[in-house]
Amino acid sequence: MRFAILSFPGSSCDEDMVHAVLNIVGEGAEVVNHNQADLKSFDAVILPTGASFGDYLRPGALAQSSPAINSLKEFVKTGKPVLGVGNGFQILVEAGILPGAFLINKDLKFRSGNSTLNVENASTRFTAVYEEGQQITLPFAHHYGNYYVDKETAKQLKADGRIVFTYADDSHDGSVDGIAGVLNVQGNVLGMMPLPERAVEAIIGGTDGLPLFQSIIKNWSENNVSHA
Amino acid sequence: MTKVNVYVTLRESVVDPQGIAAKDALHKLGFDEVGNVRIGRLIELELSGTQAEIEERVKKMCEVLLVNKVIEDYSFEIGEVAGK
Amino acid sequence: MTKVNVYVTLRESVVDPQGIAAKDALHKLGFDEVGNVRIGRLIELELSGTQAEIEERVKKMCEVLLVNKVIEDYSFEIGEVAGK
Amino acid sequence: MSAMHEPTTQQIKDEKLYRQMGMTDEEFDRAVEMIGRLPNYTETGLFSAMWSEHCSYKSSKPILRRFPTEGERVLQGPGEGAGIVDIGDNQAAVFKMESHNSPSAIEPFIGAATGAGGIIRDVFSMGARPVALVNSMRFGDLSDARDRYLFEQAVAGIASYGNTIGIPTIAGEVQFDNCYSKRPLVNAMTVGLLNHEDIQKGLASGVGNTVIYAGAKTGRDGIHGATMSSTEVAVDKEAELPVMQAGDPFLEKLLMEACLELVKSDALIGIQDMGAAGLTSSAAEMASKAGFGVEMNLDLIPQREEGMTPYEMMLSESQERMLIVVKKGREQEIIDLFAKHNIEAVSVGVVTEDKMLRLKHKGETVAEILADTLAEDAPVYYKESKEPAYFSEFQAMENTEPVVTHLKETLTALLQRPTIASKEWVYNQFDTQARANTVVAPGSSAGVIRVRGTNKGLAMTADCNSRFIYLDPETGGKIAVAEATRNLICSGAEPIAATDCLNFGSPDKPEVFWQVEKSADGISEACRKLNAPIIGGNVSMSNEVNGVPVYPTPTMGMVGIVHDLSQVTTTAFKQAGDAIYVIGEAKTEFGGSELQQMVEGKIFGKVPAIDLDVEVARQKDLLKAIQSKLVQSATDLSEGGFAVALCEKAFDAQGLGAEVSIPGSSVTALFSETQSRFLVTVKDEHAEAFEKLVPDANRIGTVTATAEIVIKGEENTVLVEGTVEEFRSAWKGAIACLLNSEA
Ligand SMILES: Nc1ncnc2c1ncn2[C@@H]1O[C@H](COP(=O)(O)OP(=O)(O)O)[C@@H](O)[C@H]1O
Ligand SMILES: [Mg+2]
């Protein structure tokens, strides 16, 4: 499988994602620059975390001026998987690809650490290798991790099974209904604030992020085997 | 160049963590007469064009980039339009 | 309750990285007519008191808490003063 | 102000205008003598900046010479942007620590942020990729609102810069004492990695080569920052201060990536960041070090504001700027390289043979001074040194125990002291895991990152107990070094080199200068013995409020190498049933201790003694035991002594506790800060082997499966008994609690 790690100026954790996918998970991964942005040949796109455009104005906002956003929107339409973590999630939300918006953390401070998450939906292509209701631990690091959607939308998301992860502890930073990760309507785009790429090796932060990547790969190989 | 002030505020339905913190701090400092506090953004732009052009363009900038309509509202004020 | 808008802007000589980045983004999006962009804060306060009281108190709030005078300037506008 | 309105050379001399820029009469006369004429306004500015303490180290040079700076691993000692040590496999670690105290006293967020930004630049200007940040901070005791504000904002400022640029903060320290009230210390350290062939130096060599300016535009901000940081800041005169130089971490991220690409180019001759004294120091130093001259056309400098004078441009401390020398004819490709990263780069000058720093502006030569004169010929002061009266008084005192009535309450109170309490409130605001290499995040003795592609790790820490240094600078200096190496050893690392940040009061006070000298002696001796050469550092003098100097605070930053990542060890208990050992015996030594400060409200007397030979032996033994995988957890005993360290080992260990018995007088056994001690746990099956390797270790108890702390004294009397949870909650919430307190 070939992953594009879509990097904007300031997306400082792009290399971390490449490392996770390429060296640990063992699939193809390369950084794609936001200016070049030909995504067609890739099987999946990941928007890594970091502070694209310095998080200025609103996190994820200024990335909307990059040519890559249009290619990304095209890519989303193909139905192939797109994952945005941390700042990558914020970019997806600002682009309108995922619902909601981000506010500053409830206590106004940048926060980092580990959060315990509930896997709310283990039947998505991003979570199939987890168990439904499983609790996992993933690192997080953000200043605007306070996810907002209006009540109606939240209800709808829940009804549609599009809330993929929720915070099981008090590390939600104010997020509506403790939402930590959501899916788009088609089910091929996942955004999440916790950072699975920081939890793929025991030496640095556990391995609870691994099944997420394995799920994507499993789904891909199933589809591609049936095509063959 | 004409100066335009864009005022971006959080929508009423959205909780404003900064506003709440500011209100608490003001109360602690003895400013008990303060009720609600909301913190928004003031964007000062300099740009060229006629009044009508500016109006249209600034609106577009807000919609496309400067404002996140999911959580924010905006208004703007155009200063004296400079001749060309 | 009376509404007061406080406008907080970065002092001219202080670099505004946010403004610079926003300007670049606007240019990339085709808004070439935009010159300088500066990003400040808009603080909306609700408070009680007479016009004179409000004026004095808001000034104090700005000096003590709302504005960082080392790098910021401010001005404010008092809405219609509500009767008591 | 245009150049035309600047004072004439005669006015500068007659009206002694140079004094406003921080130059003394003697220094001005020296400058006049060296150039053989009166300097104009711009030139006077160049002298004042380059001859400030911050740039010239004029009063600290004689002290710095005492430091050991060489070692088999040292590839670059003091003198460049950062020092470099070999870590094997053709790789090297690059690091340095720097202060940003004055700016942080005025505007703590920006001051601390730009401090972090500056030291990151120092490291990537050597060709190294910054991989980790460390900080060391001092504030008043948080009872004052201004001190709370300074603390909160400085932490947020460091966090903002490091988090935005994407470099993890993996270690640090914060201590609180009212001697720092309204005069915080904010020291930031960056550690980078490079391959040997990529080492860069700040050299302007090769006649005809091109000088390129890259990065942010120059504004009127921070003019005379270098002189400011060498003088006491009057806190209530904010309005008159120069405009703060705000930082832009996003721009720096782009600049960093561009520079790291640039170092691979064979067109590059030299590179240096524009730090204190901006263009002046980078140009003069690059020329002087290389033995050439530099001529720049100031009209070409990218300017943020209109009508800037040469004086303003040369002294601006706008952030995120680099000065670069490239081979003649290769300019465009370098400019293109920067453009690709969205960074402005412009050719602004050439390297010349005549060793002059020559500046042109609007067709005229506005400054012409030998680069060496600026960079090398600052006066060197041998300041007067005098032993303060307090020292002999304290030395004459007997060691006594502070009076403690209730042991458990005292322990709980100690755990709540902000200097001892959990620093989670601080480090939770830092991205500690960016770059996905963090093996040990803040919360243990030292931070550890892995070196990708190897099985090695780098451990790092910053330490300084300034109370000890105040009471007895020489002993205190040794302790600062020893504490830093202990923190590394306890993490499984072998210390390889050190950096420092010498924060003191005014060196014009003989008593302060005595503190500088004595602590430097102590530091030097300990660094020699502990095999940690000092490869770079920074001096920050005149940290005073209303004429009262802060405690002498020569912070030590230290880096160690973990030879095999499986040897990484942390503070927390690992397993019930493990044997608990203490290495070293407690003596009644409370001078400068946390308990003394808490009980007496002041510090006095003799500080704990340190025998460096004992220290070296114990550290060697313990490291050997750790490397032989005999040790489950390790920590050194520092502030608060044994009882605090024992609790800390339980705080991060889910569901585990301890039961121990300790001999001797209970207050001493629990709270004394006797040096060279460690608390270690060992699997029962390894006990014998461990004891053989570490002869000074005494088995005192066992890790228990119940989350309780039970400390018994002589004849089995219970000294302290309580749940881990009650101690933990006192320790964990203390800082947040102090910050939320009113008044
Ligand atoms: N400002 C800070 N930044 C990052 N980490 C910090 C900071 N202050 C303290 N820490 C971390 O908290 C832990 C405890 O610090 P400290 O009490 O100074 O430890 P020690 O006594 O072992 O030197 C360490 O892991 C340290 O790195
Ligand atoms: Mg310490």
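Here, residue 1 is simply the first one shown, and the rest follow in order.
A Cβ is built for glycine as well, from the same backbone N, Cα and C atoms used for every other residue.
In TrEMBL, the substrate site is described by D:R121, D:E317, D:S318, D:Q319, D:S540, and among D:Q245, D:Q395, D:Q597, D:Q619 the residue recorded at this site is D:Q245. According to TrEMBL, the residue from D:G22, D:G457, D:G537 that belongs to the ATP site alongside D:Y57, D:K96, D:D500 is D:G537. Against the domain 'PurM-like N-terminal' (D:79-193), stretch D:444-562 has more CB pairs under 8 A than any other of D:12-58, D:207-361, D:444-562, D:575-711. In sequence order, the binding-site residues near chain C, meaning those of D:E98, D:E317, D:S318, D:D500, D:G537, D:S540 whose CB lies under 8 Å from a CB of that chain, are D:S318. The domain 'PurM-like N-terminal' (D:444-562): residue composition by secondary structure is 44 helix, 43 strand, 32 coil, according to DSSP. Cα separation, D:E317 (substrate binding site) to D:G537 (ATP binding site), rounded: 20 Å.
Of the recorded residues, D:S318 (substrate binding site) and D:D273 (Mg(2+) 2 binding site) place their C-alpha atoms 11 Å from one another. The 10 Å shell around the Cβ of D:Q245 (substrate binding site) contains 27 further Cβ atoms across the protein chains shown. Candidates D:H54, D:D122, D:D273, D:N538, D:S540 (recorded positions) were compared with D:K96 (ATP binding site); those inside 10 Å Cα-Cα are D:D122, D:N538. Checked against D:D273 (Mg(2+) 2 binding site), the binding-site residues D:R121, D:Q245, D:Q319, D:D500, D:N538 differ in C-alpha distance, with D:R121 being the nearest. The recorded positions recorded for this entry are D:E98, D:H100, D:D122, D:D500, and the Cα of D:H100 lies nearest to that of D:Q245 (substrate binding site).
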